[in-house]
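Pulled from Swiss-Prot, these are the features on record:
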BINDING   R76, S77, G78, N89, T93, V94, D95, K103  substrate binding site
Amino acid sequence: MTIHTDTRPTLNLIRLAHGRGLDLPAYETKGAAGMDLRAAIEDGTTLTLAPGKRALVPSGFIFEIPEGFEAQIRPRSGLAFKNGITCLNSPGTVDSDYRGEVKVLLINHGDEPFEITRGMRIAQVVIAPVTQVRVAEITEVSDTARGAGGFGSTGV
């Protein structure tokens, strides 16, 4: 008999009052990297995002991210492709020691106003490991084939 133990880290969360009735963040497919976040705006209202404008949209949840991890807030590709709606500061980092509500900073790069309603999937969150490094000041760096070649230096 094989016993399977789930060794994945746990994302603890608190549902806020305005998040009641919303689905928990969830992976929509077996191979999904990100869990969908939903808009926790007041039921029966619409948040209209005009072209070129931005809005901070509440998720209705406080995350307790495991130590050694971060939550990356990323755009949903369908919203970006179909409507020009994306996340600013993407990916947005939510540190493991942050204890406030997770909110999504959206911008409308499209040509038409975009209506956000309660429960709409507005972004995705990826939980990723973080490595903190030691910092050392040195006087020169080692040589590489690339050298100091920057933007576009390896071809188009």
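Counting starts with 1 at the first residue shown.
Cβ coordinates come from backbone N, Cα and C, glycine included.
Overlay of Swiss-Prot annotations on the structure.
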residue	record	Cβ within 10 Å
R76	substrate binding site	20
S77	substrate binding site	10
G78	substrate binding site	10
N89	substrate binding site	9
T93	substrate binding site	12
V94	substrate binding site	19
D95	substrate binding site	11
K103	substrate binding site	19
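Those residues noted as binding substrate (R76, S77, G78, N89, T93, V94, D95, K103) have their most widely separated CA atoms at a distance of 26 Å.
Under the three-state DSSP scheme, R76 (substrate binding site) falls in the coil class. For the recorded site, K103 (substrate binding site), the DSSP three-state label reads strand.
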